[in-house]
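J.: There's a structure below that I have some questions on.
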């Protein structure tokens with residue numbers, strides 16, 4: 001229990017406290033601006049850390065990462081536009097709850113989830129770093145392929161309205177994810193001669209198009225002077241003890257899901273939040289309430305994506321493997337300060353490692369208090385009438401797309417995707433399914449091809465490894481449950497009058 | 001337009017997209033990189049499945065009970081079309097000439113003015129000018145000054 005024999009006075013210096021507060025405020029801002037996520041935020045702040053001590057620098061960047069994940073939910077809830085890809089699942093229930101005039105309550109569920117998820121992530125980091133990273137490195141391409149498939153099965157089952165359209169949405173997302181240079185061979189795929197498409201379709205452009213542009217079109221259908229929030233009391237970011245009790249199990253379960261998925265390199269907070277959301281819906285007493293402002297639908301993704309932050313720091317600190325783009329930038333900060341993360345750093349510099357871990361824990365608590373008192377400023381936007389709010393959302397979202405890669409082509413993509421998404425949404429296709437398939441597609445394809453390369457084309461590689469088998473069994477179980485639910489639903493609502 | 005017809009049209013478009021992906025992937029270099037499965041395998045598999053699922057979806061739509069909610073309504077279509085046109089013109093002008101702040105002001109002004117259906121003409125102009133300047137200032141301070149984004 002080395003982490004308990006730590007000299008806490010090392011953390012209570014003005015420099016470190018300043019780093020936590022600055023990192024948290026900056027992370028909240030950058031996360032809440034659609035398009036800019038934690039990775040961009042950390043990269044932009046990296047030069048500021050050159051003159052700081054290594055511990056303060058890393059803690060500040062970890063605080064940005066943590067607060068950025070929560071910040072993403074502010075935009076998801078208040079504007080209906082995910083601030084970060086990992087906050088996409090939060091839109092599904094956060095935005096409807098805000099539209100019911102309760103943005104403060106929705107943000108309360110979110111920030112409490114961020115605190116619990118972040119706290120559990122930090123505890124995982126402090127206590128289980130070494131055993132979990134050992135487990136994570138046993139996960140290889142066959143397991144990543146199957147985890148990706150598991151994610152797709154989960155998300156395809158999310159839409160209970162029209163399963164074939166939900167599956168089509170998944171396939172469409174996979175197809176969009178194939179655009180660009182093929183990683184294995186360097187072939188240009190579906191770029192149609194455009195250099196701008198060589199890097200693939202920008203995730204931010206896709207997100208903003210689907211959620212911001214399409215959301216503005218939906219808002220235009222409402223009365224121009226309609227205000228979402230009329231009572232200032234509803235802006236306070238808080239939930240009552242009774243409300244907390246209703247979602248506490250979801251918080252805990254989702255935090256562990258997020259923490260574990262975060263540890264696996266390449267997956268990160270986005271898939272973690274979707275896995276948690278699906279699990280919360282699957283085990284809920286009233287799954288039909290999901291998508292209509294269900295508290296568990298906010299609690300699950302928000303605790304999972306913040307727990308994934310702590311999880312993502314596990315392979316980084318213990319093995320020196322950055323599991324996500326954000327941790328890759330943090331690895332850069334480690335190296336700039338002359339620290340090479342990995343097993344040796346635990347032996348040679350335990351104080352440094354545990355300073356970072358405990359600092360991360362304190363940053364999570366700081367995020368809760370700073371977030372609680374600053375988010376009402378964001379949610380007060382909902383007091384504006386629709387005719388003011390919709391151009392603001394549209395314009396800031398477009399700027400977010402541009403700023404993410406300083407590329408106007410991405411803005412064009414967002415416009416086209418926005419129009420297409422509005423039509424697809426009207427026709428009951430599932431936009432979240434498209435997004436998750438877009439995220440998971442490249443992981444699935446690369447892992448499948450690598451697995452078959454390792455096995456010389458033998459598909460037995462997916463059935464003969466212990467971890468693969470466990471994931472495969474979960475997939476089969478989920479599919480069986482989906483079919484069973486569908487049959488039950490059909491039996492309870494038999495078609496009355498079938499006609500063309 | 002009826003919901004059914006719109007669904008059939010969208011599925012037809014998606015079948016076309018699937019066909020285009022399959023056709024394009026036939027030209028990929030399959031032998032490259034010593035891969036067991038090449039760059040065309042996954043696109044062909046997914047596109048093929050997409051076409052199959054579109055057919056299944058068309059069949060399930062055809063089998064569905066006809067209800068009174070079968071009409072696809074797009075409320076305030078003229079505002080949506082105006083927004084798309086304004087957006088396309090703004091991005092095209094920005095792309096061609098730069099002058100971001102000028103075109104951004106005009107774009108925002110047009111949206112604030114057109115969306116405001118309650119105030120008098122004078123108030124609409126004043127509000128649109130004030131809000132457009134404020135948003136432009138916000139973008140300048142946050143994106144250009146704080147985040148060093150070159151616009």
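Cβ atoms are placed via backbone N, Cα and C, with glycine included.
TrEMBL does not curate its annotations; it predicts them automatically.
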J.: So which range, A:295-313, A:352-370, gets flagged transmembrane segment in TrEMBL?
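T.: Among A:295-313, A:352-370, the range TrEMBL annotates as transmembrane segment is A:352-370.
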J.: Which residue range, A:144-160, A:229-245, is the one TrEMBL calls transmembrane segment?
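T.: Of A:144-160, A:229-245, TrEMBL gives transmembrane segment for A:144-160.
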J.: Quick one: which of A:106-132, A:403-429 does TrEMBL have down as transmembrane segment?
T.: A:106-132
J.: So what's near the transmembrane segment (A:42-65) in sequence-distant terms, Cβ-Cβ under 8 Å and 6+ beyond its ends?
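T.: Here the qualifying positions are 10, 13, 15-16, 18-20, 22-24, 26-27, 30, 309, 313, 326-327, 329-330, 332-334, 336-339, 352, 355-356, 359-360, 363, 366-367.
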J.: Determine whether the transmembrane segment (A:256-277) and the transmembrane segment (A:431-448) share at least three Cβ pairs under 8 Å, counting only pairs 6 or more apart in sequence.
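T.: By the criterion, they touch.
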J.: Can you give me the average pLDDT across the domain 'DUF112' (A:17-436), rounded to a whole number?
T.: 85
J.: Report, as numbers and ranges, which residues of the same chain sit near the transmembrane segment (A:468-487): CB under 8 Å and 6 or more residues beyond its ends.
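T.: The answer is 142-143, 146-147, 149-150, 153-154, 156-157, 160, 163, 282, 461-462.
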